[in-house]
Amino acid sequence: MARKKIALIGSGMIGGTLAHIIGLKELGDVVLFDIAEGIPQGKALDIAESSPVDGFDVSLTGANSYDVIEGADVVIVTAGVARKPGMSRDDLLGINLKVMEQVGAGIKKYASSAFVICITNPLDAMVWALQKFSGLPTQKVVGMAGILDSARFRHFLSEEFKISVKDVTAFVLGGHGDSMVPLVRYSTVGGISLPDLVKMGWTTQEKIDQIIQRTRDGGAEIVSLLKTGSAFYAPAASAVSMAEAYLKDTKRVVPVAAYLSGQYGVKDTYVGVPVVIGAGGVERVIEIDLDKEEKAAFEKSVSAVQKLCEACIAVAPGLK
């Protein structure tokens, strides 16, 4: 059986890390695309030269033309400008929207059957625009955000409780930005909910609130520390887990930026919700029961995303 083909559009820090993780997992052959000559070729060669040491067999290729992605099973999009200190994800909209238009055209021409994962910020608006530009079915185009935000939430909780991160479950709803909604009620440690752990004296509500805020600021914290770039290890790991669920048809339940067509009372919008990912792409959107406070926070987040989509339409009226 022929190996799967995974195309990476954008060969920066996330793109290179994606290629390395995919190689280590032997998920499929990798093609790296970038408009900068030499960068995708150099990274592909460097990672390929690590394969005898790490013992993996995949083909890695770098190129500067879109035809290299032809027939890809999965396309992961990281192309665009990354945040710098003092910038919000939303500040990138104008520049990265133009990039999504070019990427969408390339995917439409060469990889129209692929499962597409978008990482470019501002995430929810960019994946919405990318789906429109590419014309691919909505269930085959998703955004990577919820897994990353949930991973940050889980990591901070594991540090607070001094326990294995494997025993922490948590997920974050809403847009990938300041209005994201970490759901305390649905987050557990060893199956025990966070509100119950507060009652048991394991932590305080004040500390949980601090962790929620740190989760919201997770990306900005890394940007301020790095000074010349943004997070790439955790975003890459998150996207690979989504690609793996699709390629192996594992039916993973994960939070992603998915297209809503009435679920949660939202239409024609990409926003973070729990879904089932399998060979059909997004096979099911899971509608969880939200209390009044959670619903209000989610609606605020959706509104912020929709305003960004309106800003996209102002720049590219064809998206309407």
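Placed from the backbone N, Cα and C atoms, the Cβ positions cover glycine too.
The structure displayed is predicted, hence computed values, not measured ones.
Some features that Swiss-Prot has for this protein:
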ACT_SITE  HIS176  active site, proton acceptor
BINDING   GLY10, SER11, GLY12, MET13, ILE14, GLY15, ASP34, ASN96, ILE119, THR120, ASN121  NAD(+) binding site
BINDING   ARG83, ARG89, ASN121, ARG152  substrate binding site
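Here the features listed in Swiss-Prot are painted onto the structure.
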residue : record                 : Cβ contacts under 8 Å, 6 or more apart
GLY10   : NAD(+) binding site    : PHE33, ASP34, VAL77, THR78, ALA79, GLY80, THR120
GLY12   : NAD(+) binding site    : ASP34, ILE39, THR78, ALA82, PHE232
ILE14   : NAD(+) binding site    : THR78, ILE119, PHE232, PRO235, ALA236, ALA239
ARG152  : substrate binding site : ARG214, THR215, GLY218, ALA234
Using Cα coordinates, what distance in whole Å links ARG83 (substrate binding site) and HIS176 (active site, proton acceptor)?
14
According to DSSP, which kind of secondary structure is ILE14 (NAD(+) binding site) found in, if we only use helix, strand and coil?
helix
Tell me, by DSSP, whether the residue listed as 'active site, proton acceptor' is helix, strand or coil?
coil
For the recorded positions ARG83, HIS176, work out the Cβ neighbour count at 10 Å and name the residue with the minimum.
ARG83
Any idea which of the binding-site residues ASP34, ILE119 has the thinnest Cβ neighbourhood at 10 Å?
ASP34
ASN121 (NAD(+) binding site) has how many other Cβ neighbours within 10 Å of its own Cβ?
28
For a quick check of understanding: given the listed NAD(+)-binding residues GLY10, SER11, GLY12, MET13, ILE14, GLY15, ASP34, ASN96, ILE119, THR120, ASN121, what is the maximum Cα-Cα distance in angstrom, as an integer?
17
What Cα-Cα separation, expressed in whole Å, is found between HIS176 (active site, proton acceptor) and ASN121 (NAD(+) binding site)?
9
